[in-house]
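Residues or ranges marked as FAD binding site by Swiss-Prot on the basis of sequence analysis: Val7, Ile8, Gly9, Gly10, Gly11, Leu12, Gly13, Gly14, Ile15, Ser16, Ala17, Ala18, Ile19.
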Amino acid sequence: MTKHIIVIGGGLGGISAAIRMAQSGYSVSLYEQNNHIGGKVNRHESDGFGFDLGPSILTMPYIFEKLFEYSKKQMSDYVTIKRLPHQWRSFFPDGTTIDLYEGIKETGQHNAILSKQDIEELQNYLNYTRRIDRITEKGYFNYGLDTLSQIIKFHGPLNALINYDYVHTMQQAIDKRISNPYLRQMLGYFIKYVGSSSYDAPAVLSMLFHMQQEQGLWYVEGGIHHLANALEKLAREEGVTIHTGARVDNIKTYQRRVTGVRLDTGEFVKADYIISNMEVIPTYKYLIHLDTQRLNKLEREFEPASSGYVMHLGVACQYPQLAHHNFFFTENAYLNYQQVFHEKVLPDDPTIYLVNTNKTDHTQAPVGYENIKVLPHIPYIQDQPFTTEDYAKFRDKILDKLEKMGLTDLRKHIIYEDVWTPEDIEKNYRSNRGAIYGVVADKKKNKGFKFPKESQYFENLYFVGGSVNPGGGMPMVTLSGQQVADKINAREAKNRK
């Protein structure tokens, strides 16, 4: 008899797991509380402006392409992606700008401010990150390893210690090889992909730089939600039964097994396996009602990553100095990270990510206008949450900074504005305390590891998404879904022997 898989949540991790399980011959039902598939890969349109509500950068497209190839199909028949050789522009408080290109040589050619020594050091750093990327690909990515002990067993103690560079933090690894202060800050902010601090995260995450340089940075034509739509179409073609607007209220358990889910309609649906794309702690807390002692232990070890104050601005002018992806850096990177990740306050001078897809895709704003998305990282929801007044002051701080750094009269030109706070993120995606990127990567607390993909309490419960390994970001959460499918397939194959 065909076994039944229930997937809770239709984010990229959930939909990719559903696709792989269906491709493997299982009966798969996916329940998503919202009316769209993609989770944080969401869309907002108003007054002629289009905005990606969630992720705005596509990297490592081969991870997505694999899902289509398993069905002997081509992703290009479902969605169009475009490579962006000019990856982003960095603005610094003293007026310095640095353009990051795909390729160290190209970056050197486009930045007269960078010396020969700067480029040599940047190449040296890329070589270092390549070594880390290659070894993590062998075990962490290809085999879905979940713990330090598994990595040591797979690679051997000395090989793991040296090549994963567990001795240093990410920023220490950068500062050891890069002397240019602008490059130090720019490279450190690659940690944005996982919503953590480069001063706390382990050096193994330096691989993010090599991933982007080697695999490229891509734009999904028409908006990144089209990628989620493509995966949904593939899932339906493979026989996945998708229920949107369907909220799971709890997971039923018996001893060390999960037996099914209770929907908000009262209906009970049985399952042989459950895959939760809801974050691990909210799943245990709200769907299983795990005891307080075990929850507290998990919360200490797996603290949420950062959240964000997200502004979607329709602007009645154009700023020619902006690229597609932009970063407006802080005067003091260490202080910014300290305030967000340790003091848990709204930062005085935040580093701001600004995406302006209209630079590449003119369908995203009316002629002569621009669609600007602004995202500074801020703490996840605290026991004493930030107030409406706190957020209003922070909004002014953001606009003051952007105007000071070259976006002249930005306030005057805003004709449309939509804002998301951590509370909105928590409400819409049931994320842990409104975190965007799952679990924080911290060398001391968790060695940069997220939750394991297999539940430690229930033998047929699995997790996908940003709160489990291999981590946050679109390719990683998509990969987590594929890895969970591999684990279930391997388990079933073993049981049949």
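Any Cβ shown, glycine's included, is placed from N, Cα and C.
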Per DSSP (helix/strand/coil reduction), Gly9 (FAD binding site) sits in coil
Chain-mates of Val7, Ile8, Gly9, Gly10, Gly11, Leu12, Gly13, Gly14, Ile15, Ser16, Ala17, Ala18, Ile19 with C-beta within 8 Å of site centroid, FAD
Leu30, Gly39, Ile275, Asn277, Val464, Gly465, Gly481
Would you work out the biggest C-alpha to C-alpha distance among Val7, Ile8, Gly9, Gly10, Gly11, Leu12, Gly13, Gly14, Ile15, Ser16, Ala17, Ala18, Ile19, the residues that bind FAD according to the record, and give it in angstrom as a whole number?
13
Any idea which of the binding-site residues Gly9, Gly13 has the thinnest Cβ neighbourhood at 10 Å?
Gly9
